[in-house]
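Chemist: Handing you this structure, nothing more for now.
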Amino acid sequence: MFIDAHNHLDFFEEQEKLNKALDIIKNDNIITLGCSMDTKSYKFTKSLALKNKNIIPCFGIHPSRAHENFKNLECFDEYIRESKIIGEIGLDYVWVKEKEKYPHMKRVFTYFLEEAKKYNKITNIHTKGAESEIYNYIKKYELKTPIIHWYSGDKDTLKKLLDYGCYFTISVDIGYSKLSKEIVQLLPIDKILTETDGPTSLEWVNGDYGYPNVIKNVVKEISKIKNIQEEEVKGVIENNFKTLIRKEGITL
Ligand SMILES: [Zn+2]
């Protein structure tokens, strides 16, 4: 099986494209963490998961939506409790430009961290431009084995996150980005996971619409960088994911 440890299924907006993506997830056996942006997106992904056992719906409020979701945080408790993995959560000081949104972003993020600690949840974290701050939060809240989504920060913080025990999802810019290549070179293979991050991420990289089978290309590029056979890389990533969830008592 392939592991897509960070996707957004609600980004497949047209029914035809969504159906195609769901078929690929099923036929190519891609275990998919369906991250959410907000409650609406979580409920949508949850409904898809009822018909596709490869989909694991994850509840979170994306940092870019925090300013619309900072009131009545306690309403999120039931979704956090039922989610096997929490995400997408995090901080973003690069794409979110309006500084007045930052206090809301921080409030929502820390609420999720408190909850993740309380319920011992794995987290799927967005760290753009906030890498070392997030490392400090991870330590402060003693988070269970976080998954760091599409890391693009400095190497010192990468090392600290790695020493803490984090896993890292390599995304669709692998093969295109020099930084992502260096990150794969630095990471031990047993801490690597793969992701596609919805159809629009590949579009951002090379203009192509990113169906879930682009995960195969991510595996291929990692295999080239690590100089390990593709099949072996696929097996190791599957094993990494299974080790992570087993350690946290999650069954699929
Ligand atoms: Zn995402």
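Just so you know, glycine gets a Cβ as well, placed from its N, Cα and C.
Annotation comment: TrEMBL describes His6, His8, Glu88, Asp197 as divalent metal cation 1 binding site. TrEMBL lists His126, His149 with the feature divalent metal cation 2 binding site.
I'm curious about the neighbourhood of these features; can you describe it?
Modeler: For His8 (divalent metal cation 1 binding site), the same-chain residues that are 6 or more apart in sequence and have a Cβ closer than 8 Å to its Cβ are Gly34, Cys35, Ser36, Met37, Ser41, Glu88, Asp197, Gly198. Under the DSSP three-state reduction, His8 (divalent metal cation 1 binding site) is assigned to coil, being neither helix nor strand.
Look at His126 (divalent metal cation 2 binding site): DSSP puts it in a strand. Using a 10 Å Cβ-Cβ cutoff, His126 (divalent metal cation 2 binding site) registers 25 neighbours.
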Chemist: Between the Cα atoms of His126 (divalent metal cation 2 binding site) and His6 (divalent metal cation 1 binding site), what distance do you get, rounded to the nearest Å?
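Modeler: Each residue's Cα considered, His126 (divalent metal cation 2 binding site) and His6 (divalent metal cation 1 binding site) end up 10 Å apart.
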Chemist: According to DSSP, which of helix, strand or coil covers Glu88 (divalent metal cation 1 binding site)?
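Modeler: SS state of Glu88 (divalent metal cation 1 binding site) = strand.
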Chemist: Give the three-state DSSP assignment (helix, strand or coil) for His149 (divalent metal cation 2 binding site).
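Modeler: Reduced to three states, the DSSP call for His149 (divalent metal cation 2 binding site) is strand.
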Chemist: Only counting partners 6 or more residues apart, tell me which same-chain residues put their Cβ under 8 Å from the Cβ of His149 (divalent metal cation 2 binding site).
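Modeler: When sequence neighbours closer than 6 are ignored, His149 (divalent metal cation 2 binding site) has His6, Gly87, Glu88, Gly90, Asn124, Ile125, His126, Thr127, Thr169, Ser171, Glu195, Asp197 within Cβ distance under 8 Å.
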